[in-house]
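Novice: Sharing the record's features from TrEMBL:
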type     : residues                                                    : note
ACT_SITE : B:103                                                       : active site, nucleophile
BINDING  : B:12, B:13, B:14, B:15, B:16, B:17, B:18, B:19, B:38, B:127 : ATP binding site
DISULFID : B:103-B:200                                                 : disulfide bond
DOMAIN   : B:208-272                                                   : domain 'tRNA-specific 2-thiouridylase MnmA-like central'
SITE     : B:128                                                       : site 'Interaction with tRNA'
SITE     : B:340                                                       : site 'Interaction with tRNA'
């Protein structure tokens with residue numbers, strides 16, 4: 001039985017050519033980019049070329065791009081770094097309750113350190129409202145961090161609107177764009193985004209590298225200490241092969257954005273049509289009009305995630321639910337709890353399917369049939 | 001009969017050596033083995049650390065060694081409602097509950113079994129030391145584990161043959177040292193892991209402290225049955241019949257033992273001497289009776305019984321009437337404790353059991369016991 005991967009929002013396979021492009025970097029670029037010799041210079045040259053390409057992909061300049069180990073580190077750096085460096089300007093941070101834990105837990109840590117944090121709610125469609133951001137803003141606010149696309153529901157947040165709102169305010173605007181990067185058009189300067197998180201492994205690049213874009217005007221303290229790499233903002237010897245892989249994966253997704261979005265929308269429709277035809281009871285979580293093409297979050301009334309996910313896996317379909325796993329058990333999703341209330345059955349009967357390079361119309365159709373069969377068995 | 005490779009067996013894995021070896025043996029027999037970790041209790045501390053995390057990590061490592069899929073399932077709510085609530089209620093009633101019996105009845109072999117079946121399992125297997133066999137009529141019976149020292153049928157007494165029909169105990173025929181040896185020979189990461197002791201949700205913590213977090217302690221007087229005050233007690237729920245430790249009564253003569261509880265006046269009754277007459281009884285009444293094979297139970301019969309785990313069997317005569325079992329002892333018994341299980345055996349066959357409800361001596365129920 002063919003195993004079918006519908007969990008690209010967790011991590012994606014490497015795009016064709018990416019691994020191949022990294023191998024010569026591992027083998028030939030042996031220097032440390034900070035070294036003052038020819039080996040070092042060659043490494044630095046390669047690193048900066050990747051940095052330039054990645055910065056250009058979001059309309060930033062290369063000085064504004066900090067390589068990190070991935071999205072988590074970039075979120076941690078954005079929140080902690082900005083909070084610490086701007087305490088003289090204020091003590092208030094605004095974020096939302098549906099953020100990725102990389103941001104959410106950092107906000108909670110800052111709260112313990114004495115910052116005041118406002119966690120904005122989301123509506124039943126999975127959206128943060130710009131009016132809520134506006135209402136929460138005070139003269140004391142130094143940072144607003146709202147994710148671009150929610151990782152569980154795929155719902156696209158009103159980032160440009162919030163950017164516009166914050167234009168005249170001292171607060172910096174950070175967005176975790178891990179699930180948006182490579183699918184949506186992003187121009188950080190036009191959208192007035194001050195900080196932005198992206199990671200390579202969600203777009204067909206290698207695991208272990210991401211970036212934080214931080215506008216030149218942003219005051220930010222480092223969160224790690226060591227050498228003076230990344231303009232003293234992120235120490236540690238640079239991972240040049242990964243940067244090259246990230247650059248190539250980024251080039252590919254930027255060039256194929258429109259075609260891929262179209263393809264993934266088709267996959268989504270196959271899933272919906274197959275479920276509908278099978279007669280199973282299901283519903284879609286999050287505003288379908290404002291969701292990225294790659295993610296669909298489906299509730300199956302009468303079923304339960306633990307049984308669904310294990311059954312899917314045993315019949316070769318890989319999907320996921322919630323974002324937190326404690327001792328392997330799936331805790332009710334904090335995102336769906338935010339949308340529907342923590343007592344709602346939706347928090348324990350919903351599954352996220354996410355499309356990407358490992359999918360074809362055929363295997364999505366096949367997976368949808370297996371899923372429908374399992375749901376039918378479990379709910380009848 | 002399905003071939004083994006087409007027979008799916010879900011193994012309840014705790015991260016301990018027993019369930020690890022259970023999974024290993026089934027895998028070696030060619031079954032389609034799926035490991036599932038069950039989380040029933042959340043003991044997450046202020047640093048986010050919880051024993052379940054470490055145990056699940058061991059399950060992950062063992063399953064990867066065996067190359068079998070693994071999942072987890074959360075029964076915290078069911079456990080709280082069905083087991084922990086009962087546990088507290090029994091203590092409130094001055095009795096000594098047995099949460100393991102209840103957990104097997106309501107969680108492991110009910111909610112968890114249903115979950116296993118929903119994954120397409122043909123059988124649920126656990127690392128219990130007990131055996132399932134068919135009698136000459138083809139009906140399922142439960143036998144003691146081959147290792148007399150580890151036999152766990154006492155805790156499984158509430159299972160019936162229609163449940164056991166779907167259950168496997170792969171370790172039932174093995175002595176414990178052999179199980180450890182198999183684990184070591186195979187290089188299982190849990191081979192040398194310490195066996196868990198005590199009540200699972202309390203673990204290594206102090207029992208008294210744990211209980212006091214859930215039930216208000218009501219200190220009261222410690223009395224002899226003749227009404228002589230001997231000191232104070234910390235709360236009746238902290239004591240069990242026959243207990244010697246922790247009474248703090250000094251003086252000369254034989255040591256003092258708990259012989260009864262008076263919930264109304266909040267007295268703890270104590271008496272002197274291990275063999276004190278008050279600790280002895282000649283029969284009991286049990287409720288919540290389960291028979292593994294109910295159609296094979298006569299109205300009155302003789303068999304052997306255990307009144308607590310790991311006790312030697314005693315001869316009894318059982319009379320079944322109105323969902324209760326009246327159990328008369330051949331020889332008088334010491335410190336029978338209400339709330340504990342009484343489990344019946346015919347040779348190696350575990351017939352079933354119940355909860356000890358009343359304790360009787362000379363045709364009179366002991367007023368302050370039970």
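Note: Cβ is positioned from N, Cα and C throughout, glycine not excepted.
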Novice: Using the alpha carbons only, what distance in Å do you get between residue B:14 (ATP binding site) and residue B:128 (site 'Interaction with tRNA') once rounded?
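Specialist: Taking the Cα atoms only, residue B:14 (ATP binding site) lies 11 Å from residue B:128 (site 'Interaction with tRNA').
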Novice: In Å, rounded, how far does the Cα of residue B:340 (site 'Interaction with tRNA') sit from the Cα of residue B:18 (ATP binding site)?
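Specialist: One finds 25 Å between the Cα atoms of these residues.
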Novice: Would you count the other C-beta atoms found within 10 angstroms of the C-beta of residue B:128 (site 'Interaction with tRNA') for me?
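Specialist: Step by step: centre on the Cβ of residue B:128 (site 'Interaction with tRNA'), count other Cβ atoms within 10 Å, giving 27.
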Novice: What whole-number distance in angstrom separates the two most remote CA atoms of the ATP-binding residues B:12, B:13, B:14, B:15, B:16, B:17, B:18, B:19, B:38, B:127?
Specialist: 16
Novice: For the domain 'tRNA-specific 2-thiouridylase MnmA-like central' (B:208-272), report the average pLDDT of the model, please.
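Specialist: The predicted confidence over the domain 'tRNA-specific 2-thiouridylase MnmA-like central' (B:208-272), as a mean pLDDT, is 91.
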Novice: Going by C-alpha distance, which of the recorded positions B:103, B:128, B:200 is nearest to residue B:18 (ATP binding site)?
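Specialist: Minimum Cα distance from residue B:18 (ATP binding site) across B:103, B:128, B:200 lands on B:128.
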Novice: Measuring Cα to Cα, how many angstrom lie between residue B:12 (ATP binding site) and residue B:128 (site 'Interaction with tRNA')?
Specialist: 10
Novice: Run through the Cβ atoms and count how many others sit within 10 Å of the one on residue B:12 (ATP binding site).
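Specialist: Result for residue B:12 (ATP binding site): 24 other Cβ atoms within 10 Å.
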Novice: What is the number of other Cβ atoms found within 10 Å of the Cβ of residue B:18 (ATP binding site)?
Specialist: 26
Novice: Which secondary structure state does DSSP assign to residue B:12 (ATP binding site), in the simple three-class scheme?
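Specialist: Where residue B:12 (ATP binding site) sits, the three-state DSSP reduction gives strand.
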Novice: In whole Å, how far is the residue listed as 'active site, nucleophile' from residue B:38 (ATP binding site) when you measure between their Cα atoms?
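Specialist: Here the two Cα atoms lie 12 Å apart.
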Novice: Going by a 10 angstroms cut-off between Cβ atoms, which of the recorded positions B:38, B:200 has the sparsest surroundings?
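Specialist: Ranked by other Cβ atoms within 10 Å, the recorded positions B:38, B:200 bottom out at B:200.
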